[in-house]
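Below is one structure, written out as structure tokens; comments come after it.
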């Protein structure tokens, strides 16, 4: 079993589609979840369908660990201060092989690529560009595994 730090790089979005009855530019952001650890990107104010986030998020990851679900879940939203935020769609990225390789080799990486944003698992709502890396922590501890330690 190995424990380490997984870094998720949320780079950009392309062609994001949200229903806005006033036809104003969307303000997209993403809620990111890995095994109960939640992070939120900044709101790309007036970015429209092609936001640039370029943000990195750190998650404590253990492999094989408990539970068999090794997915990063992205919930892409349109911020709306007046009517409440609107759901755009979801992305689910399987990182089981990334973590397994990282435990074997000490580190591993999934280079940035585009992932389809799907509403209700079937309706295409654009894409987000994401890269993921994992670094195994040595010595049985996990120094630096918590975002507030960096």
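Note: Cβ is positioned from N, Cα and C throughout, glycine not excepted.
Listed in Swiss-Prot:
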- 1-108: domain 'C2' (DOMAIN)
- 20, 78, 80, 86: Ca(2+) 2 binding site (BINDING)
- 20, 27, 78, 80: Ca(2+) 1 binding site (BINDING)
CB contacts for residue 27 (Ca(2+) 1 binding site) [other CB atoms within 10 A, all chains]:
21
Return the count of C-beta atoms lying within 10 angstroms of the C-beta of residue 86 (Ca(2+) 2 binding site), excluding that atom itself.
15
Do me a favour and check the Cα-Cα span between residue 86 (Ca(2+) 2 binding site) and residue 27 (Ca(2+) 1 binding site); whole Å is fine.
10
